[in-house]
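Record features, source TrEMBL:
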REGION    58-82  region 'Disordered'
COMPBIAS  66-76  compositional bias 'Low complexity'
BINDING   89, 90, 91, 92, 93, 94, 95, 96, 150, 189  substrate binding site
ACT_SITE  90  active site, tele-phosphohistidine intermediate
ACT_SITE  178  active site, proton donor/acceptor
């Protein structure tokens, strides 16, 4: 008889505490640190200090090949993961208050409103306050930003909360840009297209001459792989440093950020379509849990996550993410039991 065990966080924590110290969660530690953007004189200088210094000991010229992915090997140890990945939606834009702007201004060139600039700056101070509560002295932030004007302006105002010594770098990343809606937009046609999207499905509907959310998913997948590689090789750390006190901040757009979360946590299309958009200038925090994985439940409470659109199954998974180790699979994932109705006949708990 198949019998899925109910989620038991206490037993999993007990398992964690019985593991060797090298695998224990970073309960008493603080955030991480980045550093890809530096002002250098020559390409050789850039090469010498890049990739957290690993290039100096790697004759192949590929720093990734010098990183060990398994504990206990003789290769260079994996750098600590950033403490948080913070997802920020741009502040209020002119297009958010007047849809006719899209008919005469290219989407990538739409400005923030004055309210949007204030939202962005307030968001920066919220992030700083959150980080400083960790009590670490060596914390830093590193930014990924969409190349659209409204996201760049958001970052510029958000960055007012951080002095230069706290910013280890930034990268403009086209793959986290807004969903493409088809160049200059006809207002009435766009209203019709959005109505058709609701009938067809928010994930698969492709705007004429534009993208579907499924198309955004494909490019977000490429960005995610780049991000994970950057985390694994410690590109955000100054040469020779191994600090756990770095926070990644991704400044992007509502749909792109929802797709990013969908891709990261392997949410289904149905689960994605149940999510609600973030407000302008708001943030969602993926924080490192006790086993090293990122969980939304480390920072957000259940009410906040339900308001965002997480279901019971998604919330259970986020609780598991809080205590699971990197590389572990959730064999008690409730979605498997609920997907196959015949499991009820076998006594499975759904």
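Every residue number used here counts from 1 along the chain in the order it is shown.
Note that Cβ sites are derived from N, Cα and C of the backbone, with glycine treated the same way.
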Report summary line: Cα-Cα, residue 150 (substrate binding site) versus the residue listed as 'active site, tele-phosphohistidine intermediate', nearest Å, comes out at 6
Query raised in the report: Among the binding-site residues listed here, 91, 95, whose Cβ has the fewest other Cβ atoms inside 10 Å?
Result: 95
**Report entry** Alpha-carbon spacing, residue 89 (substrate binding site) to residue 178 (active site, proton donor/acceptor), which is rounded to whole Å
**Finding:** 11
Query raised in the report: Which one of these recorded positions has the most other Cβ atoms within 10 Å of its own Cβ: 90, 150?
Result: 90
Report summary line: Close in space but at least six residues away in sequence, with Cβ under 8 Å from that of residue 93 (substrate binding site), the same-chain residues are 110, 111, 112, 113, 116, 150, 280
Requested in this report: Measuring Cα to Cα, tell me the gap between residue 91 (substrate binding site) and the residue listed as 'active site, proton donor/acceptor' in whole angstrom.
Outcome: 14
Report summary line: Here the Cα-Cα span from residue 95 (substrate binding site) to residue 178 (active site, proton donor/acceptor), rounded to a whole number of angstrom, reaches 13
Query raised in the report: Once the chains shown are all counted, how many other Cβ atoms turn up within 10 Å of the Cβ of residue 89 (substrate binding site)?
Result: 28
Query raised in the report: Reported as an integer number of Å, what is the Cα distance between residue 178 (active site, proton donor/acceptor) and residue 90 (active site, tele-phosphohistidine intermediate)?
Result: 11
Query - Cβ neighbour count within 10 Å of residue 178 (active site, proton donor/acceptor) - result: 22
